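Report on the structure given below.
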Amino acid sequence: MSEQEVKELDLNGEMLVRREKLAALRAKGNAFPNKFRRDALAQDLHNQYDAEDGEILKEKGIEVQVAGRIMTRRAMGKATFITIQDMSGKIQLYVARDNLPEGVYKDDVGTWDLGDIVGIKGTLFKTKTDELTVKTTEVQLLTKALRPLPDKFHGLTDQEVRYRQRYLDLISNEESRRTFIIRSKVVAGIREYFISKGFMEVETPMLQVIPGGASARPFVTHHNALDVDMYLRIAPELYLKRLVVGGFERVFELNRNFRNEGVSVRHNPEFTMLEYYQAYADYHDLMDNTEELLRKLAIDILGTTIVKYGDLEFDFGKPFERITLHDATIKYGADKGIVKEDLYDFDRAKATAERLGIEVQKSWGLGSIVNAIFEEVAEHHLIQPTFLNGSPAEISPLARRNDENPEVTDRFELFIGGREIGNGFSELNDAEDQNERFDAQVAAKEAGDDEAMFKDEDFVVALEHGLPPTAGEGLGIDRLAMLYANAPSIRDVILFPAMRQK
């Protein structure tokens, strides 16, 4: 018999015993009571009483009602020490036969298993080792767990099981719970920041007839009642800018985007984005906003501007570097023989890209080639927080052209740790220019570029009514959460990441 078969046999045997215990509970009446009311959380009790002198605490006779999942138990004859875990942390229980009604210790507490959820009433005291503990006077089994905790709670180490059965991961791993608490604080902090700046939170369509706002491959579905194909949105941008046209001059949205593309440590097909738009601002203002926001999040969440990620360390208290795409490519491509002239001539750029092993697509113009060269030689060098400016207009179909050099745009991308975290720009509000760029995207799609944008004629009509000078930005919430939680994979910060079916 294999080791796996032995484990499955043991599991089946343990589950059978637990089901028999549940059957006995059902025979007594309500096996899943719902009348217990907790009045204290474990961590709150530790915060308030850990420093209290044991004798003084005993004299106070503080009564509490706590509840949680049984994580450990140590039986010592007529008494048992039990550790329960609630949403805030863990606390120890002292359950003694003599402190309970007759028969309860043997007939009730004696049948409890690891993983069961219990409600406890008792008084606080300190053990000889000075551990805050609840001396139990009343007990109630609230939920009988039919399956044991993973590996008797020695830890859940199988990464795939952690992702597929996140509930087990959260029960077993304090670090995972911390990660998702940090993620929640990131979202709450962003919302608080923008509301304090006078922005209005809005919601725009998830199902769109024309997917727009980014260059990506969309998910396609069909609306039966309307008999029309629809797309899960790849970005909310075009709808948010319609709202600015309508007079909502500061708007933001925290919501999901969907892109039918690859899965990696940095990519999940379903992900969360912040996207915001500010009228009468330009991309310089948004870079300032972003620095301020990330600095505030670091202080509020970590208590410091120093953010550690793996072996890297970032100081969000310092000004972020700002460099153009062309300058970064020349700076970090010098050891590969790249010079300025290679980035401003189509034939030289194409030859340079091919020399670097880049497969140049037929639909690419100079801007796309230069961007590919940048990604090959420079992107991974942008370790410290860096705003990359001056992206080619060809790859920025919604961004405003730079006044001094119309071949590039007033756009920035934020890189931290060699990864893109955010993307923003002064918005293109010239309806005729936008129409021409949409036509160029259509031509690229017809030439085989699956990620080229669809043309949204209604958006052009909206621009024809007049969009004030506006700047907008998108920030990846998942990647920000990875950063603040020091999580190596995007799957570590998404509660239920996309997984291949078994």
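The chain as shown is numbered from 1 upward.
Cβ from N, Cα, C; glycine included.
Taking Cβ-Cβ distances under 8 Å and a sequence gap of 6 or more within the same chain, the neighbours of Glu420 (Mg(2+) 1 binding site) are Glu379, Glu413, Leu414, Gly476, Arg479. Taken from Swiss-Prot, the feature Mg(2+) 1 binding site applies to Glu413, Glu420.
Residues or ranges marked as Mg(2+) 2 binding site in Swiss-Prot (evidence: similarity to another entry): Glu420.
Secondary structure from DSSP puts Glu413 (Mg(2+) 1 binding site) in a beta strand. A sphere of 10 angstroms centred on the C-beta of Glu413 (Mg(2+) 1 binding site) encloses 19 other C-beta atoms.
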